[in-house]
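A.B. asks: I'd like to ask some things about the structure below.
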Amino acid sequence: MQRNGVMECSVCHSKVVAPSPRSVSRAYDKHRSKISSKYRALNFLLVSGDCILVGLQPILVFMSKVDGKFQFSPISVNFLTEVTKVIFAIVMLIIQSRKQKVGEKPLLSLSTFVQAARNNALLAVPALLYAINNYLKFIMQLYFSPATVKMLSNLKVLVIAILLKFIMRRKFSIIQWEALALLLIGISVNQLSSIPDGTKSFGLAVTTIAYIYTLIFVTVPSLASVYNEYALKSQFDTSIYLQNLFLYGYGAIFNFLGILGTVIFQGPESFDILQGHSRATMFLICNNAAQGILSSFFFKYADTILKKYSSTVATIFTGLASAAFLGHTLTVNFLLGISIVFISMHQFFSPLAKVKDDKPAGALEPEDAQNHRSSDSSFVNMTAGAADDASHLTSTDERKPLLPI
């Protein structure tokens, strides 16, 4: 339980100072500085898998449409995806619990589950935002081609960087901000003349509706990703599968509420969550589940910026695959935009672009110094009190022991 910046254990009632966003960021930076070649290989596998899964996602969505429309409810796909991820998290928890050493706190105990649920309650926020975003993914396919959707999603990098700066106190160099500006230029180049003029939908110009959905499509998942990263890293010692169980459980609840809302407005016949599904939608559900699981590893062991930049690499795969299988044309604007995006990515992750810490290694920030001084003063008061008690006991009865026997 957290009150006034202090966390209290529900078991032993001990109190510690709650981690601030900046302290979470510093703790992660310290963990990252000790990263080994094994973790670097893990990051490479995560990026490779993410490129394939993210690249396949819009293509599977496009293949799921019949005559340009979805015969199934997008909310049902999101619900089945969350259920799939919950099952995966439970299976991995069982496997991990069987590999625990003697003396370790059991993962499947009720006390561990309840305590972890309290500590990870913040995961409900990104779960709700993800539920909204997953529905927007289907809406975006009605206005843009798969390759264009992937390019639009790259706009999230800039929004994520801004949110990381204010929420997690992350620092970016001028070169990295310039790299993000290059990313926006590359996306803008790809978007030139990408939407036909004069097309109407819902009585408005398609460009107007598309831009409104794009704004929501970029902001909502960016906020979800940053909050997800903060929630996972703030409880770094908690098993990622246990955290995923809460995250996906919340997501399944929110999507089920969406299904109930659909039943209220469209009638009981819409409650059939398997209605209109095909083999393509089953692949889509598996792809979305695998993509969400990979994202959790990115957020906990890497960072959100790397996750979004890895998604830009998937744009090439998406563009080539959509041109080969769906007949979409790769324009000059698209090729130029991709080139600028890769220049931006190289510049952002260049060693010269890293932020240099001006403070000495042993220096403390004001917040840390204050906590350090308060700890020292508390220790002095504690030792002084102990000395007073000792002198009091000695004057009363020198033969009486200080500690109970």
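Including glycine, each Cβ sits where the backbone N, Cα and C put it.
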A.B. asks: Is Glu229 placed by Swiss-Prot on the same side of the membrane that Ala41 is on?
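C.D. replies: Swiss-Prot topology: Ala41, Glu229 on one side of the membrane.
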A.B. asks: Region 'Disordered' per Swiss-Prot sits at which of 26-45, 346-365, 386-405?
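C.D. replies: Checking Swiss-Prot against the ranges 26-45, 346-365, 386-405, the region 'Disordered' one is 386-405.
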A.B. asks: Examine the transmembrane segment (323-343) against the transmembrane segment (172-192) and state whether at least 3 Cβ pairs sit under 8 A, considering only residue pairs 6 or more apart.
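C.D. replies: Judged by the Cβ rule, the two regions touch, with the required three close pairs present.
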A.B. asks: Write out how many residues of the topological domain 'Cytoplasmic' (96-121) are helix, how many strand and how many coil, based on DSSP.
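C.D. replies: Split by secondary structure, the topological domain 'Cytoplasmic' (96-121) comes out as 14 helix, 0 strand, 12 coil.
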A.B. asks: Using a Cβ cut-off under 8 Å, which residues of the same chain at least 6 positions beyond either end of the topological domain 'Lumenal' (266-281) come close to it?
C.D. replies: 60, 63-64, 70-73, 76-77, 79-80, 259
